[in-house]
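Trainee: Shown below is the structure under consideration.
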Amino acid sequence: MTFDDKMKPANDEPDQKSCGKKPKGLHLLSSPWWFPAAMTLVILCLVLSVTLIVQWTQLRQVSDLLKQYQANLTQQDRILEGQMLAQQKAENTSQESKKELKGKIDTLTQKLNEKSKEQEELLQKNQNLQEALQRAANSSEESQRELKGKIDTITRKLDEKSKEQEELLQMIQNLQEALQRAANSSEESQRELKGKIDTLTLKLNEKSKEQEELLQKNQNLQEALQRAANFSGPCPQDWLWHKENCYLFHGPFSWEKNRQTCQSLGGQLLQINGADDLTFILQAISHTTSPFWIGLHRKKPGQPWLWENGTPLNFQFFKTRGVSLQLYSSGNCAYLQDGAVFAENCILIAFSICQKKTNHLQI
């Protein structure tokens, strides 16, 4: 045995133990069942892959649906939160509105009570006015009947005068014709006829003048009858009538503002000239305790009390009470209340009584 032979690897030598035996791997490949098993395994892998793909796709769809559902929930939460805020705001607004409405109700209730009181006063004034209008209506009807009788009489006289004038005109015409026929007659006859013509002409002129006067009287009476038909009474609407004066209760304003209002209505603040006037006014305001300015004032303490027209106060009818000794820049002004006359600062607010002369029907 050479050195090279000794150096050969031991595995080059045949394995005695493996002689006569086939390898196990080769034995499996040579088995008739390995191909169907492999195909089955491949199919299972494909099915599993497809299933995984489908499941993954469905999972993505479910994930998208969950995201959309989450977004919808978020949106609904925002909407719900907005609704809750709006409801809270509405409740707060409702509370404020309730408070505001309650305040308005209280104010309206107070105004309603004031209006009810004013309505009672207006009802009394309306009753007094209706009585005054009834008296004026009775007076107006009598005046109209009287005027109608006068107009009928004048119209009848006018017709008579017109008839007389026509007769005179006819006589003049006849005389002129006779004068024309007698133009060739004697001068004496002409003078006689001319004298008669002059006399008749003079009478005609007198009758014409009387007729014009009657026409003017007729026109004046017709105008008076028209005024009587339109005459609603000696006092304007809402004014009270007492003897020769009309009275209006209005306000409330300061003394100066009431004075200006009375002047704009053609009158002045109340001036009491007699006990009868004072009794009427006190009776007219006996249903209320409100103060009423009258046209009596003075500039400074110690100076005389003067009416609006400058005449001094006659203490025979009444005296002022509760006169303040304090000096006001606007002076002291008098007012009626509870049947007495008081004096106070002229800038205070009170009702007033306007006064003006009655407007009698002129015939």
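Just so you know, the numbers here start at 1 and follow the chain as drawn.
Even glycines carry a Cβ here, placed using N, Cα and C.
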Trainee: Regarding the disulphide bond with Cys262, report which of Cys45, Cys346, Cys354 Swiss-Prot records as its partner.
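Mentor: Between Cys262 and one of Cys45, Cys346, Cys354, Swiss-Prot records a disulfide, namely with Cys354.
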Trainee: Check the candidates Asn72, Asn230, Asn309 against Swiss-Prot and report the one noted as N-linked glycosylation site.
Mentor: Asn72
Trainee: Look at the disulfide annotations in Swiss-Prot and name the partner of Cys346 from this list: Cys246, Cys333.
Mentor: Cys333
Trainee: Just to confirm what the record says: which one of Asn92, Asn184 has N-linked glycosylation site annotated in Swiss-Prot?
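Mentor: According to Swiss-Prot, the N-linked glycosylation site annotation belongs to Asn92.
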Trainee: Tell me, from Cys45, Cys235, which cysteine Swiss-Prot puts in a disulphide with Cys246.
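Mentor: As annotated by Swiss-Prot, the paired cysteine is Cys235.
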Trainee: What subset of the recorded positions Asn72, Asn92, Cys246, Cys346 lies within 10 angstroms of Cys354 (disulfide bond) at the C-alpha level?
Mentor: Cys246
Trainee: Quick check for the class: what is the C-alpha distance, in angstrom and rounded, between Cys346 (disulfide bond) and Cys262 (disulfide bond)?
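Mentor: Cys346 (disulfide bond) and Cys262 (disulfide bond) have their Cα atoms 16 Å apart.
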Trainee: Looking at the recorded positions Asn92, Cys246, Cys262, which has the shortest Cα distance to Asn72 (N-linked glycosylation site)?
Mentor: Asn92
Trainee: Given the disulfide-bonded residues Cys235, Cys246, Cys333, Cys346, which one is most crowded in terms of C-beta atoms within 10 angstroms?
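Mentor: In terms of Cβ crowding, the pick is Cys333.
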Trainee: By a simple count, how many Cβ atoms lie within 10 Å of the Cβ of Asn92 (N-linked glycosylation site), its own Cβ left out?
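Mentor: Summing over all protein chains shown, Asn92 (N-linked glycosylation site) has 10 other Cβ atoms within 10 Å.
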Trainee: For the repeat '3' (188-233), report the average pLDDT of the model, please.
Mentor: 77
Trainee: Return the residues near Cys262 (disulfide bond) by Cβ distance under 8 Å, restricted to its own chain and a separation of at least 6 in sequence.
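Mentor: Once residues fewer than 6 apart are set aside, Cys262 (disulfide bond) is near Leu248, Gln268, Leu269, Gly295, Ser352, Cys354, Gln355, Lys356.
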